[in-house]
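Here's what TrEMBL has on this protein:
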TRANSMEM  136-160  transmembrane segment
TRANSMEM  180-206  transmembrane segment
TRANSMEM  242-260  transmembrane segment
TRANSMEM  272-294  transmembrane segment
TRANSMEM  327-344  transmembrane segment
TRANSMEM  364-397  transmembrane segment
TRANSMEM  447-465  transmembrane segment
């Protein structure tokens, strides 16, 4: 579905429309960028959302400050940035940045005259513009990581949680697309709001006295140019095409079917079928199958009755070649490998042994345990990939929850969501790397901003787990399906021991 949305440029139309509605003041534009990127990241991959939004942000920044000035303002840090990029093993100009360089000059010819009009009048004005540039670039990867947590399909750790729940606790049926969205979407909105306030305070020109200060004529002209740039970009897309309308309708059907399959508080449409035969995968495969044969051009009824009409091939909304090129098959294989590793840890007794070594945590209150787990996972994922982190931690958290006699999801969900809260380093996650490789951010910028973002994420996640998540996932009780797993784990060492005696 994400491939079809990207194929027909529907995501770009949505992004520009949102930016037209939010306004062109720097703080409002950052809010528009964050809201759009997070919404797209709920359905597309975090990396694709970041790569799509960066050229749009770059075009707006060029119209605000001019092409030459942006380089002049940031020239003092170019050498340090290049050294940091090389140190982290990143390319200074990735394919996304080549796209920026190739499109901006073509789309915005008026930028050549901007530097003379926008010559900096003071050092304070220069610093203000440099901070706005950084705020735009740093808000996009952060909001992509936050938005990916809102849906089960938004990021790999969420899918790994679902798969490992099926492996460890086959009887567990409380986590589905709808229940996860009801839990994670309010958390995403809260985090986006707090993150926007923090980024705007640092880079977006929001100050306690700034609301009463009158804007200079220079900034008013720059904001007018930015508004014109967004409008021109949107108009260049032309009228909405039949293919875009079809993909949008199928996307809405896809989302509605996912939410209404098993909402828990009312019977869903899955109750019309034999229990166990309908899952979220059925919805996904059914809708995507339609994409492969639904025409991208409006079909004509006359063609069916005209026997002399040419039998021309119609391009579908999604071709298999496009799916091969854009679907991250390596991630799918990595997910399968993670499920296999988790099952191996369970069958061999390794996860039970590791859980037994954590007996000092048995005396810790569960609320504090959630806070500690989220901090550890969020710190660990700064240096390792999100997928590797969650594969390592989930089996251990499941066993620890059973030893603490708390609901397994009470520990597993914070570990899963905490894996996406990687904001401090460029190497923490691909969106951070893409924004950093643009050459306008330093490592210290990301550390300064990301440290408080991590802290706010941990606190908000702990708040969510101890409030509305309690009702959604019934976290106040120790479930029967966890008791069944406990019985199996207790029986495992004795059976292993008997096998050892037989061998001897």
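Glycine too: its Cβ is placed from the backbone N, Cα and C atoms.
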Top partner of the transmembrane segment (180-206) among 136-160, 242-260, 272-294, 447-465 - counted as Cβ pairs under 8 Å: 136-160
Listed stretch, out of 136-160, 242-260, 272-294, that has the most CB pairs under 8 angstroms to the transmembrane segment (447-465): 136-160
Cβ-Cβ under 8 Å with the transmembrane segment (136-160): same-chain residues at least 6 beyond its ends: 29-30, 33-35, 37-43, 45-47, 49-50, 53-54, 57, 60-61, 175-177, 180-181, 184-185, 187-188, 191-192, 195-196, 199, 203, 280, 284, 331, 334-335, 338-339, 386-387, 389-391, 394, 416-417, 419-423, 429, 431-432, 434-435, 438, 440-441, 445-446, 449-450, 453, 457
Tertiary contacts of the transmembrane segment (272-294), as residues 6+ beyond its ends and Cβ separation under 8 Å: 1, 4, 152-153, 176-177, 246-247, 250, 253-254, 257-258, 261, 316-320
